[in-house]
Protein chains: 2
Amino acid sequence: MTLLHKILEESVLEKIRPTKEEYEKRDKLFRKIKEVAVRVLKDEKVEAEVTLQGSAAKETWIRNNLELDVFVLFPVSTKEWLKVTGLRIIEKIAEKIGKYEIRYAEHPYVRLKVEGVKVDLVPAFKVSDGREAITAVDRTPFHTKWVIEKLNEMGENSRDEVRLLKAFFKGIEVYGAEIKVQGFSGYVTELLVINYGGFAEALSSISQWRPPVFVDPGNFGSKAKFLHKFRGSPMVLPDPVDPNRNAAASVSLESLALASLASWRYITNPSPRFYFKPPAPDVKAERPTYLISFTLNPGYPPETIWGELKRISRSLISTLRRAGFEITRYKLWSDEEKEAAIAIEMINDVLSREVVRIGPPIWEKKHLLSFFTAHDKVLAGPWVEGDRVYLIEPRDVTSFTEFVRGVISRYRSKSINLESVEIKKILQPKTEWLRWFVYGKYWWWT
Amino acid sequence: MTLLHKILEESVLEKIRPTKEEYEKRDKLFRKIKEVAVRVLKDEKVEAEVTLQGSAAKETWIRNNLELDVFVLFPVSTKEWLKVTGLRIIEKIAEKIGKYEIRYAEHPYVRLKVEGVKVDLVPAFKVSDGREAITAVDRTPFHTKWVIEKLNEMGENSRDEVRLLKAFFKGIEVYGAEIKVQGFSGYVTELLVINYGGFAEALSSISQWRPPVFVDPGNFGSKAKFLHKFRGSPMVLPDPVDPNRNAAASVSLESLALASLASWRYITNPSPRFYFKPPAPDVKAERPTYLISFTLNPGYPPETIWGELKRISRSLISTLRRAGFEITRYKLWSDEEKEAAIAIEMINDVLSREVVRIGPPIWEKKHLLSFFTAHDKVLAGPWVEGDRVYLIEPRDVTSFTEFVRGVISRYRSKSINLESVEIKKILQPKTEWLRWFVYGKYWWWT
């Protein structure tokens, strides 16, 4: 990396290092929550430890992104106990602090907002080793401990290095393990910096990645064994705290590719745009662009909404392509509460009035007969190519809008109200995400 | 088969049975040629037998298709001897009969026209068994003998049955082993009738065929062994005279499929159109249709011309399809002397002004760099889908004609003069084959 990179990264760090006030806020809030928790646990006569976890504990958060992960570590019991009694105790603590809601990951936890800061109150078991974890979150304290140790060993810049990589991943939108992103979690980002020894070193490696990517900060070795154990994953990162788990299991091939492309580009074309997404420019659509939007049915978590949105759009896109729409790009959006949408750009939004139908192999006489029965409005054919019959028939639906309506009507979804579908042709997009979509390249591709 | 079929087939036979005059002409011509040949052989002091072979000998020819295959069977020697001395003697015979030309199959022979009848004078070796054949044609006398025996055993209708199947294959244009057709030779047609026991029985089997088709008139058995030995062939027919040879080696999957489709259709929809191609109706093109025509370089045999025409058109069609032209059908034509042509019908004869380019996988950084260098007029992108980059660039050539010119200019051919290419859009075709092409279904599909 060059001097230009150094200067840019220093100026980025000045914007993303947490402020003194944030550190004070963290301490004050955690103290307050712990006090309440300790009192409730005493009332309940339960021995449990109240601990701070996550980026706030590791001091790797980015300015304006302070969140508190407060884990209440109960003596080991059953998952059932945790879901019922553990959660009840957590709710008691939350009640005394403010308004809360119950969230569901592998098991339920509580989310609060305290003095403008998002706080997750998580019930977990206090196990003696990450490998003993009964629920996934039981490993978290060991993650926290492991990362703190390693970052301390790396020296005083280590947290800045982590913050740069987090900001980079956030900036190019591959940060986060959730379905929406299928990218790099905070923990994985920290592990990358620890493994490669710094931000520049990590970026340089990422730019040269080739899947399956193997990263081994825990120094377990036996790459072949791990690649076999976690085969199918584009990225394999044995969790230093429990090597039976692939810490990078959530990273999709596309996120991996995007991270690699952006790193590669950043090395030759550094720019603050990699870290900070600028406001979208005013644009107008250069080719047919549609917005397909839905209202959401209430009560479904983001994982469900994004999962269904992804499933539906993947199927829709491949159906459109098979029908002859030359789709260039598409993008998903949701506020995770009221609305979801798919934006699609294409070369052509009208299909030809005639369509070639490919019949079964001629040898399948039963299928051949059904084919001729099903396709009885023949404009030309049949003719033979290879060992199949072909014919031309008129096409009923030729417009994009009508075609999409027909396809969507055959789908099913819990969280997305498919009957609410609205299809609009976009000329001059107004919303931010849609303007970036129409813009048609990455903001960081300079 | 029904009474309708019987009546139809009887009326077909009345048109295709050889006339008494044709039998007399055969005898008279063969006597004359044999006389000349015997005299020349005597002068040359060579012991050789002059024999009639082929459909004239087997009495399986179709009216107005009398051709004489006269084989001069020399004592066994080398291929070299046959090509030089054998051919010289054959030429001496031909000289005394009339104008002749030398043709080349596996080895050279002589073609004459005598009193309007095509005569092939073929030098071959007299071997004791088909399996001892030194050149391919040495087997022919054994074919003749074998077929005559079997047809005689089958009874007096057997030759009519053969003629019906020949006329059927001719009518649907799958008759002939040459590259142009890649269909059923006369010998294979005879073997099918012998194997299945008649025309109706053969058609019924063909309509139910499923490749690889195994036909075993020689009763060798061991189907699995033959299918393995001749794997890759859609049709396996161990030659009764030499089972080391697949008599149906020339039958392409497409000819097989066409024969099966037509047989199947004939059974439910009998019509004289299966046997006799009617004159093409007046038609006009319903969708963009082009004729790409070439002049031929002189001196190349039909096998070369059709081979090159097929190779070029296969490549052209797949290039056009990949570029986005939605090709429906295409057909090749040549008079085998002066001209060759490819007719192509499509849904669209103009491409979009913009094209999506798919880059290499992101991991191939060297290829990625060349991709961006090669595609520097970017209208949108790059973006990532899966693990590849995509971008949109303007398309230089959008018209069919210009596109085809560009593609053709990169091909090579000996027999086809590619620089003579003419590309015409067809609206109301005048030539017969082109009218059938534009008509867009088989004449026998009623």
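Placed from the backbone N, Cα and C atoms, the Cβ positions cover glycine too.
What TrEMBL says about a protein is an automatic prediction, not a curated fact.
Here is what TrEMBL records for this protein:
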BINDING   B:S55, B:K58, B:H143, B:K166, B:Y175  ATP binding site
BINDING   B:S55, B:K58, B:H143, B:K166, B:Y175  CTP binding site
BINDING   B:E67, B:D69, B:D120  Mg(2+) binding site
DOMAIN    B:39-143  domain 'Polymerase nucleotidyl transferase'
DOMAIN    B:160-275  domain 'tRNA nucleotidyltransferase substrate binding'
DOMAIN    B:292-407  domain 'CCA-adding enzyme C-terminal'
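Each residue in the domain 'Polymerase nucleotidyl transferase' (B:39-143) has a pLDDT score, and their mean in this model is 94. Taking a C-beta cut-off of under 8 Å and a sequence gap of six or more, B:H143 (ATP binding site) has these contacts in its own chain: B:Q53, B:G130, B:Y187, B:D239, B:V241. Comparing the Cα of B:D120 (Mg(2+) binding site) with the Cα of every entry in B:S55, B:K166, B:Y175, these being the binding-site residues, the smallest distance points to B:S55. For the recorded site, B:K58 (ATP binding site), the DSSP three-state label reads helix.
Fewest other C-beta atoms within 10 Å: among the binding-site residues B:E67, B:D69, B:D120, that description fits B:E67. Cα of B:K166 (ATP binding site) to Cα of B:E67 (Mg(2+) binding site): a distance of 15 Å. The binding-site residues close to B:E67 (Mg(2+) binding site), defined as a CA atom within 10 A of its CA, are B:S55 out of B:S55, B:K58, B:Y175. B:Y175 (ATP binding site) sits 18 Å from B:D69 (Mg(2+) binding site), taking the Cα positions as reference.
All protein chains included, B:K166 (ATP binding site) registers 24 other Cβ atoms within 10 Å of its own Cβ. Within the same chain, residues at least 6 positions away in sequence whose Cβ sits under 8 Å from that of B:S55 (ATP binding site) are B:W61, B:N65, B:E67, B:D69, B:G186. Highlighted in sequence order, B:Q53, B:G54, B:A56, B:L68, B:V70, B:K118, B:V119, B:V122 have their Cβ within 8 Å of the centre of the Cβ atoms of B:E67, B:D69, B:D120, the residues recorded for Mg(2+), and are not part of that set. Across the domain 'CCA-adding enzyme C-terminal' (B:292-407), DSSP assigns 40 helix, 44 strand, 32 coil. Considering only the residues assigned to ATP binding, B:S55, B:K58, B:H143, B:K166, B:Y175, the longest pairwise Cα distance works out to 18 Å.
DSSP classifies B:D69 (Mg(2+) binding site) as strand under the three-state reduction. Helix, strand and coil content of the domain 'tRNA nucleotidyltransferase substrate binding' (B:160-275), in residues and according to DSSP, is 58 helix, 13 strand, 45 coil. For B:K58 (ATP binding site), other Cβ atoms within 10 Å of its Cβ number 22.
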